[in-house]
Amino acid sequence: MIRAGTPAVIEVCTPSARASRFSGSSHGYGATGSGRLLRPSRLDTLDFMLPVLHVDSAASTGNKHSKNLHGSYAIKKTPRHSYDFTKKSSLAHSSDAMMTTHEKESSFLLSTTEENNAQDDPSSLASWKDQIVRTTLYGVMNTVILVPLMISFAQIIFRDSAFRPYMSELIKLVMTSAAIHQFCFTLKSSLSFAVGQVQDAGLIFLSAMATSIVNGLEKSSGIGKVEPQRLLATTLLTLAASTALLGIALIITGKLKLASFVQYLPMPVVGGYLAFIGFYCLEAGLSMMSGQVINGIIDWPKLLNAESLILIAPGLLSGIAIFFVLSRYEHVMILPTSMASILVIFYLSLALTGTSLEQARLKGWVSPLPATSASIFDIYQMFDYHYVDTSQTMTQIPTWIAMYFVVAFSSSLDVAAIEMALGTPLDYNHELQIVGWSNLISGIAGGFTGSYIFSQTIFTLRANLQSRLVGTVVCGFELILVLCPFSIIAYVPKVFFGALQTLIAADLMVEYMWHARHKMLLQEYIVVWLTFMMTCVYDLKFGIIAGIIVAGFNFIYSYITVSTVRRVMKRSHVERDLRERELLQRTHLAIVTLELDGFLFFGSSVKIMEEVRRHVLVNASEPTVAPIMCSPAFPTNGSFLTTVFQYEPPLISMRNASTFETTDDLRTLDDHEEYNTCSQPKMYDQLAMRPVRTRFFILDFERVRGVDATAIRSCIKATKQLLAQHGILLIFASLQHDVEQLLHAHDILDDEYEVAFGSTKRVSTLAFDTLDKALEWCEDELLAEQGVIPLSEVAEIENDGRCAIQLLDTLLPKVTPKHSVKVEASKSTSDSSETDEEDQGQIKEDSVQEVNLSAILTQDIAAYYIESRHHVAGEQVYQVGSPVDGIYFIGLGKVDVFLPSKLHESMGPGFRGKRRIQRVCQGGILGVAEMMLHKRYQFTAEAKADTLLLFLSKVKFEEMKIRHPTIASRFQQAMMQTLARTVLEANIADN
């Protein structure tokens, strides 16, 4: 998508280009090299799930794209993009011997040679052993990254000071949940290399629930203290039940194929929430390192003392330093080495200063030893439902609902990111069910919410390890740590976890509160900040709800400002004789067509009314007139009305051609623009189109998805009244059934009626099934106002076809040769004689006409070359695919040219029914393009009324060129003028 405020670097988002664009995301810590541990940037991933063009915001920070050997693009190293994903086509199934970038970086760890990386014989023992070693090493590397993360997550979920005495046991519970998630993804996922753990998407909701339960129990106790068994049982069972119910909800969502539904959560709101996760991690890290209770900004002054600042400074500085290093350098070992360095420096400092580990615990650098070493089985004794306070459980329902949408949305983004790296489409609904089953089993086992861990999944994928053994190793090592009799946090310094939490906080907050400005519109970026601040100041539920409301108003504002109305210049698909087409070309601007789009609601009413006033032209001196008089003189194909307009408002004679040559100045209804036709240069008189007074106003509803009652009443009805005051007919096209009913209910459309012969009825609206039918009707009216009534509507076909031959000779272009006879043209002052001269297409020049006797198509010549063919309504003239044997001139009647249903529907999805290409009326020609291009008929032609066709075969035409070249040149000129006129009309119109 193209975003405002981004540099003008536009690329087509092919799958490889989109993957490369994502590859530079600042997310994806851990073994992948750098960036975020959990998932890719939701902003980049959302662009992958959405369409086709985007402005590469990376250019704003100096990113350059380089093309690799596979034709994909990789974003080079910059401060914002910390590692390179070089995407291969069909990476998951490739069997080539080329190592990926990350394999090369970690080759020294795996102790493998170039020969080991080649695809050996699977039956080879050496190859099998090598695969086992590589898989185990990758499993260990994933575990080294994930275990500290799970410990940090446990400290975030149970950040309330009431849980500190039980932190060692709660960490083991989180580790157990992580192992369960990994086991489920290893067993059930369609991706054999999948890594799934407790994840941050639901983290803050679980923490909010736990803190809310503590506060509620303290209030209900009346003394500010809560019995430990009651506290732990209520909290743990509530969180476990929430996780299990979340799993059930995700399974149902996937089963019903509603994965796209949960993706409707506004991205700016999610961005604000993710930024708050970073802020929440920062506060949890500060609280853990300082030993102070930090539940919000209001508690930050507690850190303003020397002791607290000394305790938090190393962790803060270490986390920020690692973030900047990861942002600038690419290597798989940067994060593990950095975290290990913290441990080495800490214990080296203790040794140099002679400080024991127990002294470090007393000073607050390390968590104290737990009173007892509880096993995993002892931990589950905390789940005693007898102590559960159900009143506190029920208050968490709103938080659970928000958690469902955020976790489902986040999981969909994770799947999209894996899909990009994999290069193979994934079933979002199926993967959402896998996430659901994992959460259901974790919740039943007393665990917490989780999903795919994108960065570690991609890390394993790029190692080309198509084995579930990696996930098994991760699960096994996590269970070993759970079964260990000692507490991990009692031996790992707080600065280690504080640095990790600061790193996560810096990554999330910088990404969504700073870098996001290049990936969003300004108003969306403001929504991110508002959501973040509302969540910080109030609480999680209020922040998300407020963000959604603000995003909703932003959408309404954007929808109103983006025009849903467009003036189009279209012609009907009706081919007439050249004289009628010339007249319509000069007068067609009397038809104003507005194309409406989207949903019309109260906010778009003002915009539509402004467009109506801006595009309607009336005479500057013209007063308002009464509504139009309807006469049954001519039938129409309207949806509701069976009469045609005989439109003669005061001061304007619609039956006179001079109505379109008026010398009055034209003005718009908003009086902002004036068109002085008298002052225009003479050369403009020869232009194909020029401004004329508006006669018909068409509203095309083909792209309208719905209309509310406010728009109907405040906009459509007002438009009808405004146009009726100026004698302009309002016409509706392509109305949906529900919109049509609303128009009837508000008395905008008249009900169907029958008019007795000779009676009149005042009407100001018409409706047609399609825009093409509406335009055809309006064009017929314009011709009728010029005194041109199509002969196909009123004339009878004579059996001998004499009148048709005379008509054909009249319609063919005139030829002025060297030898000609000058005939004095009779002058007539009567209007009827002038009309006859125009209808016959005679050329006046100083009252003298040039007549070429050899170019006259006589009855005898016509009888030899021209074959008269009569077709009744519904009879085929020719069929698609049949050979072209000549051309057809429409003497009388009309023929529809269309693409049959079977052929139209075979073109692909979305094509339904037969498609009318054009309607050819009296004076038109059939088959010209196919004959000149020497192709078979591309469409089927069918008579729509009793029709007389004058057929000139290819053989006769070639003979005519030899024996009667002047007459043949008239036919050839007629074909060329028809094609030229079609090109001119197509260039002017928006069809």
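Using N, Cα and C of the backbone, Cβ positions are placed for all residues, glycine too.
Caution: TrEMBL annotation is automatic and unverified by curators.
Here TrEMBL flags 591-778 as domain 'STAS'. What TrEMBL records for 866-978 is domain 'Cyclic nucleotide-binding'. The annotation region 'Disordered' is assigned in TrEMBL to 822-845. Marked as transmembrane segment by TrEMBL: 137-158, 201-218, 230-252, 264-282, 303-326, 332-353, 401-422, 434-455, 467-489, 495-514, 544-562.
Counting C-beta pairs under 8 angstroms (sequence separation of 6 or more), the transmembrane segment (137-158) reaches the transmembrane segment (467-489) with 3 or more such pairs. Spatially, the transmembrane segment (544-562) is adjacent to the transmembrane segment (264-282); three or more Cβ-Cβ distances between them are under 8 Å for residues at least 6 apart in sequence. Contact between the transmembrane segment (434-455) and the transmembrane segment (467-489) does not hold: fewer than three of their C-beta pairs are under 8 Å, each pair 6 or more apart in sequence. Touching of the transmembrane segment (201-218) and the transmembrane segment (401-422) is concluded from the presence of at least three CB pairs under 8 A, sequence neighbours closer than 6 excluded. The stretch with the most CB contacts under 8 Å to the transmembrane segment (264-282), chosen from 230-252, 303-326, 332-353, 401-422, 495-514, is 495-514. Pairs of Cβ atoms less than 8 Å apart link the transmembrane segment (495-514) most often to 303-326, out of 230-252, 303-326, 332-353, 401-422. In the predicted model, residues of the domain 'Cyclic nucleotide-binding' (866-978) average a pLDDT of 89.
Helix first, then strand, then coil: DSSP counts for the domain 'Cyclic nucleotide-binding' (866-978) stand at 35 helix, 41 strand, 37 coil.
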